[in-house]
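Taken from Swiss-Prot as is:
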- Tyr32, Tyr172, Gln176: L-tyrosine binding site (BINDING)
- Lys235: ATP binding site (BINDING)
- 362-430: domain 'S4 RNA-binding' (DOMAIN)
- 37-46: motif ''HIGH' region' (MOTIF)
- 232-236: motif ''KMSKS' region' (MOTIF)
Amino acid sequence: MNFVEELRWRGMIHDIMPGTEEHLNKGMTSAYVGIDPTADSLHIGHLVGVMMLRHFQRAGHRPIALIGGATGMIGDPSMKSAERVLLDEATLRHNQDCIKQQLAKFLDFDSDAPNAAKLVNNYDWMKDYSFLGFIRDIGKHITVNYMMAKDSVKKRLSAESSTGLSFTEFSYQLLQGYDYLYLYRNEGCRLQMGGSDQWGNITTGTELIRRKDGGEAFALTCPLITKADGGKFGKTESGNIWLDPARTSPYAFYQFWLNVSDADAEKYIKIFTGLNQDEIAELATRQAEAPHLRPLQKRLAEEITVMVHSREAYDAAVEASEILFGKSTTEQLRKLDEATLLDVFAGVPQYHVERSRIATGISLVDLLADATDIFPSKGELRKTVKAGGVSLNKEKVADAEQTVGEDDLLSDRYLLAQKGKKSYYLIIVE
């Protein structure tokens, strides 16, 4: 199966320029995907382009990841409703280094093979290009009529858009077009890939290559990822799902994939994993037979968490997930780092208690019925303890008068109280 056939069955092709597949079948070639460096981490919205490069390399071709250092200082108007914040060079370089470390989990940069991946930054070839030189060498080859016909430009100039379009952003497609020309000349790059909203910018590049060098270059885009319910992919109430564990814990990352709908799971597992058709078909059959077991979601969450983080991080995320369902021990609870602990218990009621009350030791009855109102009265607490219905840090409480001290704290500032089987309360000691 060739690269285009691979993407096609995975549902990863939106538009493809005629002749692309034939060109790829002739032998090894290079393709690039542009990556926005405005943060020091990729988020899952970037992963479709990254997976396209991964499949490209696995098919024997050479992937190029282009960090948009120069274009990131400007902002792409494609399908965005407002101009964006511009970044300085030091920040962009830092972000580039962080992004490369993440890309290395998907692409082989270090191989001696001729198709080893390469990372480039368009700031390196744009920073010394004078404005006069650029408009003379590049601007004269692309007409304003051609640029105005792009959907991204039309949308920003429409009556519905209150922001208009700055000249800076209008020039973006020329810069992206020049990137393609530069890589065509210097890296033998004949294909640019991206999301379907990038088609206009990509074809500006193929047109520039044709007009400047009389060359032939190609374009391929993937559909923008959506959710079955029409919601925005990759967003939660707390924002983006990042690949950096400091921004999104591996537990929260795992939970995001585990909780996608059945319809989305079948679509996403084709896009975001390397599982083959037979493996996915078998999972889909099992899902249809026993949807409550959610084999698609579980395998999707496993594959992508291991790829982005590690097998150890995945195992820890699964273990953390079991804590809410009563299958865990105090030892497992104590193994959680602070970020994961807060993610696991993000939705439970929280109480704040002064550290001085814990430092000297406080009885459980005073903690749960006086320092907090987890129990309405001390009598109610004692009765529930007697019935075996109270746990602290996943340990059943036998004595309502037991002392709770600093040694009991999780991550040195938390206590987890449990009433019955399902009611959790997080006590934060400050």
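These residue numbers are counts, starting from 1, taken along the chain as shown.
Note that Cβ sites are derived from N, Cα and C of the backbone, with glycine treated the same way.
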- request: Grab the same-chain neighbours of the motif ''HIGH' region' (37-46) for me: Cβ-Cβ under 8 Å, and only residues 6 or more beyond its ends, written as numbers and ranges.
  value: 67-69, 72, 84-85, 87, 92, 94-96, 98-99, 102-103, 225, 233-234, 240-244, 247, 256, 272
Field: the motif ''HIGH' region' (37-46): DSSP-derived helix, strand, coil residue counts
entry: 3 helix, 1 strand, 6 coil
Message: For the L-tyrosine binding site, please report the maximum Cα-Cα distance among Tyr32, Tyr172, Gln176 in Å.
response: 17
- request: With H, G and I counted as helix, E and B as strand and the rest as coil, say where DSSP puts Gln176 (L-tyrosine binding site).
  value: helix
- line: Cβ atoms other than its own within 10 Å of the Cβ of Gln176 (L-tyrosine binding site), all chains, total 27
